[in-house]
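Here TrEMBL flags 36-387 as domain 'Peptidase A1'. Under the heading active site, TrEMBL lists 54, 263.
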């Protein structure tokens with residue numbers, strides 16, 4: 001089951017306000033960030049909605065309107081908020097096993113009242129989203145016509161918190177693909193629509209890419225595989241690739257290995273402050289003999305200009321030669337070339353898309369570092385894999401048709 005993706009990291013775009021912000025020390029300074037999203041057709045009749053592809057959370061949800069059609073505490077997305085309407089829409093009862101599973105995932109206690117609905121609250125680093133669990137028809141790219149509109153559960157997010165009203169965002173919600181029992185992929189497996197709980201995504205540096213569910217499009221060779229590390233209570237949805245050491249070309253940065261977390265829902269990558277400082281020093285030293293000058297750019301904190309404007313990430317390869325890598329041992333390495341740590345801005349400059357962050361002891365890998373890599377989350381075998389790939393070329397599935405949805 002293959003889906004076309006839209007969105008981009010270059011040159012500049014949007015991040016979902018109130019959910020997956022830039023985690024820089026002053027997020028308000030760096031707005032209009034970009035991410036990758038899928039178009040889902042939901043309801044009867046089906047309507048399109050843009051959902052941010054997020055492997056760092058476990059529930060799919062949409063901004064959801066009340067019976068009046070308004071959502072007073074929601075950001076303004078590309079489409080009108082989803083408005084529940086029978087007969088295709090149903091509320092998930094508070095006593096339903098699906099509601100139990102959601103609250104177990106969230107590590108919260110449900111409170112069943114006379115309304116008999118499954119209420120939830122999702123908490124993010126900079127806000128929250130409150131809603132109810134509902135089911136609705138999804139139009140999916142299936143080969144069997146009778147199965148192409150399964151009823152799936154997702155969050156109807158009617159309250160995005162104080163200060164959200166009137167803000168603009170490029171998407172209508174989040175497609176949570178983290179380790180969860182209520183994510184869409186787990187539901188599709190339970191319905192026997194797919195046979196394996198496997199997720200893959202490929203983000204192109206040119207914009208767009210693709211996403212797939214199931215094992216049909218997993219390459220049989222040329223993948224680097226590592227075991228998934230056990231889920232941590234503080235990050236229950238995140239996929240951890242275990243520990244790795246950071247290298248700049250052949251030189252090690254930092255002495256001890258650290259955990260690597262893959263989170264497609266954030267546009268940039270984050271290192272602990274001390275390691276980030278060492279990385280910046282190594283990067284600047286590698287540029288000492290080049291025709292580049294550090295320059296102020298409103299996009300990100302650390303930027304350079306060349307003799308002429310950078311027009312695409314291909315131009316970066318002419319000036320930036322050094323590569324980073326995360327070495328996991330036993331032959332598994334994630335190579336990070338310049339196009340996976342730099343962006344091109346609207347001003348024709350290039351900026352470092354890796355931030356330092358206080359209070360973390362992990363490598364938090366965001367969308368920029370996953371570009372032009374096919375990344376596989378194999379929940380059946382408990383492993384993560386990746387390989388360099390031209391993500392603007394769609395895969396050909398033997399069993400499932402391709403779709404934009």
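In case you wondered, yes, glycine gets a Cβ from its N, Cα and C as well.
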Problem set entry | Taken over the domain 'Peptidase A1' (36-387), the model's mean pLDDT | 88
Problem set entry | Entry from the active-site residues list 54, 263 having the most other CB atoms no farther than 10 A | 54
Seminar exercise, completed: Rounded Cα distance in angstrom between residue 54 (active site) and residue 263 (active site) is 7
